[in-house]
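One structure is given here, and the rest of the page talks about it.
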Amino acid sequence: MLSDELESKPELLVQFVQNTSIPLGQGLVESEAKDITCLSLLPVTEASECSRLMLPDDTPNHTNSSKEVPSSAVLRSLQVNVGPDGEETRAQTVQKSPEFLSTPESPSLLQDLQPSDSTSFILLNLTRAGLGSSAEHLVFVQDEADDSGNDFLSSESTDSSIPWFLRVQELAHDSLIAATRAQLAKNAKTSSNGENVHLGSGDGQPKDSGPLPQMEKKLKCTVEGCDRTFVWPAHFKYHLKTHRNDRSFICPAAGCGKSFYVLQRLKVHMRTHNGEKPFVCPESNCGKQFTTAGNLKNHLRIHTGEKPFLCEAQGCGRSFAEYSSLRKHLVVHSGEKPHQCQVCGKTFSQSGSRNVHMRKHHLQMGAAGSQEQEPAAEPLMGSSLLEEASVTSKNLVSMNSQPSLGGESLNLPNTNSILGVDDEVLAEGSPRPLSSVPDVTHHLVTMQSGRQSYELLNQGDLTERRT
């Protein structure tokens with residue numbers, strides 16, 4: 001952890017190692033620890049206290065006792081000034097504690113730091129008391145990347161007379177280089193083996209993060225007869241659901257009942273019910289809205305004129321703005337005709353061609369049949385049906401006698417049994433022409449009802465004979 005003094009001036013610090021455990025060398029670890037105060041290289045107030053830490057003895061010739069040094073005297077030993085160009089300059093203060101300077105047991109920690117030296121800050125954060133264990137944490141902060149100012153290091157770097165904090169800084173520098181090289185090697189190995197797999201978001205699609213490296217498709221479908229391979233685990237999982245027909249996400253709307261493999265597809269489908277269209281065309285004077293980003297992308301090709309989907313059939317060369325249009329077009333080259341006319345049975349490769357055929361032929365035939373039926377329906381609604389010998393109807397079941405005769409209602413049997421006509425008689429609204437009824441010779445039938453009797457002759461005339 002960083003002390004409060006370091007947090008007060010973050011602009012002076014560049015973290016050298018982030019919470020990295022750096023074990024000290026065996027040459028720096030002594031069996032006996034020395035009790036001195038922590039030395040802060042940043043000026044702080046008088047009230048601040050530095051925690052007491054256990055430091056190893058610098059040399060084996062030192063005694064096993066140490067004198068406690070007041071922290072305020074050490075804090076005044078350095079003054080740090082930040083220049084206008086961001087460079088740091090250090091100057092020793094004129095006033096120094098005589099007790100600190102006159103102590104023979106205390107190591108000369110700041111003896112090698114001169115005002116002209118462009119050295120870097122050394123920030124020691126000792127989480128436990130003492131440096132005798134390799135598990136103790138050291139956090140080093142260095143604000144300069146230029147090593148040209150380290151001229152105070154003597155050629156005999158392994159000499160025990162070098163201050164201990166300089167040896168610790170050297171160990172930290174070497175450890176950082178080794179850790180950086182190890183991390184770079186690990187990243188290179190990961191990218192080459194294709195282990196850096198990123199999963200997509202809710203629809204199962206990976207996020208677009210620039211050009212992807214060429215990775216081997218290791219995920220192979222285990223279903224018999226399917227040889228598809230995948231890179232992304234989300235795609236592979238979605239593909240396996242298509243084999244199992246695992247449509248576990250069902251639309252809750254009443255009367256819909258559609259099901260989907262993934263939840264994202266269901267969410268997109270729900271926009272068709274609630275009318276939500278969040279994707280708007282940005283072109284001027286257009287403003288069309290769409291439920292999905294894919295539909296908007298396909299629509300924008302109308303404005304740009306882009307047709308990226310090209311038919312690869314020999315001699316075709318047609319291109320389309322949408323992949324679905326290309327897929328429909330490929331049926332033409334395959335010779336398959338799945339769309340059949342329900343009236344005449346003719347088949348077509350495209351549903352649009354079938355619809356054009358039905359509007360052109362079958363609707364005209366229906367209109368012509370209705371026009372032929374209208375003139376023939378007029379005599380049915382006009383005069384009596386008995387005046388036409390060739391016209392009979394199932395609706396003619398009863399007829400009333402004249403009121404002047406005072407007779408009752410005369411119920412006639414079905415005219416089909418009387419005239420011998422089959423069931424293929426014309427009803428009102430039938431498209432068949434009325435002239436298609438065959439002319440059948442009828443016999444005389446006498447019917448009596450009360451005081452009157454009627455006769456149906458061959459000629460179809462109705463005669464009345466009083467009794």
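From the backbone N, Cα and C atoms, a Cβ is placed for every residue, glycine too.
Which of 4-28, 279-303, 379-403, 404-428 counts as zinc finger depends on Swiss-Prot, and there it is 279-303. Check Swiss-Prot against the ranges 169-193, 219-243 and you find zinc finger recorded for 219-243. Counting Cβ pairs closer than 8 Å to the zinc finger (339-362), the top stretch among 219-243, 279-303, 309-333 is 309-333.
Sequence-distant neighbours of Cys221 (Zn(2+) 1 binding site) (same chain, 6+ residues apart, CB-CB distance under 8 A): Asp227, Arg228, Thr229, Phe230, Phe236, His239, Leu240, His243.
Distance between Cα atoms for Cys286 (Zn(2+) 3 binding site) and His273 (Zn(2+) 2 binding site): 24 Å, as a whole number.
Panel annotation: around the zinc finger (279-303), residues 268, 271-272, 321-322 of the same chain, lying at least six beyond its termini, place a Cβ under 8 Å from a Cβ of the stretch.
Long-range neighbours of His361 (Zn(2+) 5 binding site) (same chain, six or more residues apart, CB within less than 8 Å of its CB): Cys344. Taking the centre of the Cβ atoms of Cys251, Cys256, His269, His273 as the Zn(2+) 2 site, the nearby residues of that chain (Cβ within 8 Å, site residues left out) are Pro252, Ala253, Lys258, Leu266, Met270, Thr272.
Within 8 Å of the centroid of the Cβ atoms of Cys311, Cys316, His329, His333, where the record puts Zn(2+) 4, the same chain has further Cβ atoms from Glu312, Ala313, Arg318, Leu326, Leu330, Val332. His329 (Zn(2+) 4 binding site) sits 22 Å from His303 (Zn(2+) 3 binding site), counting Cα to Cα.
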